[in-house]
Every structure is written in C-alpha cells, then in structure tokens.
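Here is the structure we will look at, set down as structure tokens.
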Amino acid sequence: SRYRPDWDSLDARPLPAWFDQAKVGVFVHWGVFSVPAWGSEWFWWHWQGEHRSDYQRFVQRRYPPHTTYADFAPRFTAHDFQPREWAQLFQRAGARYVVLTTKHHEGFTNWGSPVSWNWNSLDTGPHRDLVGELGQALRESNIHYGLYHSLLEWFNPLYLADKESGFKTQNFVLKKTMPELYDLVLKYNPDLIWSDGDWEAPESYWNSTSFLAWLYNDSPVKDTVVVNDRWCNNCSCHHGGYYNCADKYKPGTLPTHKWEMCSSIDKLSWGYRSNMNISELMDEASIIEELVQTVSFGGNYLLNVGPTKEGVIVPIFQERLLALGRWLDINGEAIYESKPWRVQMENSTDTVWYTSKGPVVYAIFLIWPRDNILELSSPTPSPATQVTMLGFAGTLKWQESPVKGLLITLPYMLPSPLPPQSGWTVKLEGVK
C-alpha cells in the first residue's frame, strides 16, 4: 500500500523501530553564524532583520565598515574539522544518532547545493562537503545520521516575494526548498530528516505532504527514514513522524506519541558563542536529569553542541559529552531500547524515575539517600524479587516496606566532601 500526500495517510506510517531504541542523539549547529559566534545562531536576523542595537554595535566594533553577512562566509573555514574525531567523540558520548544542520535559516548550505549558488560550503568558506564528510565518518562508527534542514530562509528574495503574496506563489519552494530536500535524500541517504523553519506558512505552500509521500513510497530510505513534526505552521505536535512540539519540550506526563526533547549544553544558544560563560552551560547532573526524565516519558534526548568556525568542538563541550558517555557506560541498560513503565516517577518525588524492559523494571535515582536506604513505593515485590545495582557486583538486600513497596539497602559509599556523581540505577526483577 502506498502513502497518499495527506496527513491522515502519512501519520499512519509506523515509526521505524531504530529511532525509539536509540534514545540518545547529538545535535550539531554549525554554519556561517559560527563566524561572528556571538548572541546566537539567529545572528543575521537579530542584526539585519530586527536591527538590534547590540548586534549593530558588535559588528561596528569588530569588522570593517560596510561589512555584510555574506562577508562572514569566507571566514567559515572548517580548517580543523576532523569528521572521524567528531564521530569518535559522539560514539564515546553514547550517541546512537547525530543530527547536523545542513542549512539553517540563513540559507547557507553545508554541502554543494546546486540551487544555492556561491552560498554553500563547496563554493566558499571550507570548500568541503561537510554533510558528506561527517556522514561517512558516522556510518563507519555505526551511528545513524540525521540531517537538519530549514524550510525557510530569512532573506532569500524568492521567499520574501512569496511571503509578500500571502504565500499564494511558491517560487521559493519550487526552486529552492524542495530541490534541496530531494538532493539531500538522494545524495546522503539520511536516517532522519529534522525539519525546521515551518512556522510562517501552511502545508499548501511548503508541499510537505507531497515530499513526505515520495520519501515514504519511493525514496532510497523509504523503510528506514524518520522525520519530525515541523513541516507547516500548524504541524508541530500534530503531524509528521515523531513530535518535537517545541525546543526543550518537557511534557510532564507520558505522551501517547513518540517524541524527542532537544536541548543544548549552552543554555543561551544552539550555535557556538565565543563569549559563553561556565555558568551558562548545563552541568553533568542536569544533562543526566534531563535524559532520565525524557526517556522515562518515552522520549529521545537530542543534546546540542555548536562547533567553532574552524570545526572544533571546544573542550568544555567534549567534557560534558564524555561525562554523559561514562554515565551511559554504566547505566545505559536502563536507557537504550527501554520502554516507559506503568509509573514514570516515584509519586512523592521527582528524584526517582522508572524505565522497563519486558518484566524488568529499572529505578533511576538522582539523589543518593542519606541513610543508604532507597524507598520505592511504586513496585510491588514478590518472594522472587531480586535487586541489583548497575555497575555494582552482587545483589542488594531489600525488605517489604511497612507502608507499600520496598526498602532497598544500597552499597556503602565512602564519605566524600564532593557530592557524588548524579544518577544510579537499581534493577528490579520479579516485581509488579
């Protein structure tokens, strides 16, 4: 049976299983905005679209008079970009998929797009196919490859003319957006398409349903590709593949539809900022907490880094990614391929979260209890109940709680002036 170019038909497509099993991904925001490396990846819009005085002052202070945004492109060199090193880092971070910006709202493409003349990474700047090089390195490391692509371009004259017409004309879609989407799929066989830039225009303008019908019926990735929900101005959280709903979305209860939370180590930006401060970055504990909450609610966690214009992932970002990877080395059994349990969190607290695999239940606790006794009221124990802790040999003693649930005696931890790392997992077998 073939999918029709309408939401009823497209939304009925089952999500390829690899995505729900993967759970952990890395997002990479990289482009010409990495050259000014200030404010955010929306630099051009804040500067020339909104004419914000702080952005105008920044350019006046640091660049020659009459500098245009296009003048930044030659400085986007990617001189130090080592795709294999990136892939190795992402693998050590525990990422099962990586999503790269192929084109942000600035319109610059990180591959030699045939319809982005002189505003792409082959003709100017790096003179390299960044999308292709990273894709090859990720595939060698067995990591799924996702491509972020913005439907709109802030200052493209074709887009502005279509917008002027109330989106009754479609010159930009027919000459730019769609040719690029088809080109990306046919050239790079992505496992995921992370669409964005959808919010100004309806589906009838973007032709999204026609593209998705082709993607699911006839494209080289028709059986494996996954897409998100940003395909038109009222699609988010309603149509597409899995749901993003909004940046940094936290549902608070278990959604009925597969979803993904995208978050950024730099809390103020997705692109690299040269002036970021340590207090503006997520620490290891908050990253693990976000991951655990997201997966308990059935979501995937996509954690973003912004490389420099040279293609360096700065050491502080590497450190955060490697810390996440070390945590997953021990606790990944409770994360990868897991499913939400009947209860997502311990009712009295948001410091204990549950996942499951078949009959096995995992309780991930974010704060070590003072008296070394972990109290769980949600699971019902049986005589056959066995409790172990991931990363710790042997079984743990437990007893039935006088109220309900069970009391688990944790291994003794040596006293330390530092708060211990964040997040431990007890594995419960033979509970209901």
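Glycine residues also receive a Cβ, built from the backbone N, Cα and C atoms like all the rest.
Per TrEMBL, the features are as follows:
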DOMAIN    2-333  domain 'Glycoside hydrolase family 29 N-terminal'
DOMAIN    344-429  domain 'Alpha-L-fucosidase C-terminal'
SITE      Cys262  site 'May be important for catalysis'
Helix, strand and coil residues within the domain 'Alpha-L-fucosidase C-terminal' (344-429) as assigned by DSSP: 0 helix, 38 strand, 48 coil
Within the predicted model, mean pLDDT of the domain 'Alpha-L-fucosidase C-terminal' (344-429): 91
Cβ atoms near Cys262 (site 'May be important for catalysis') (within 10 Å, other residues, all chains): 21
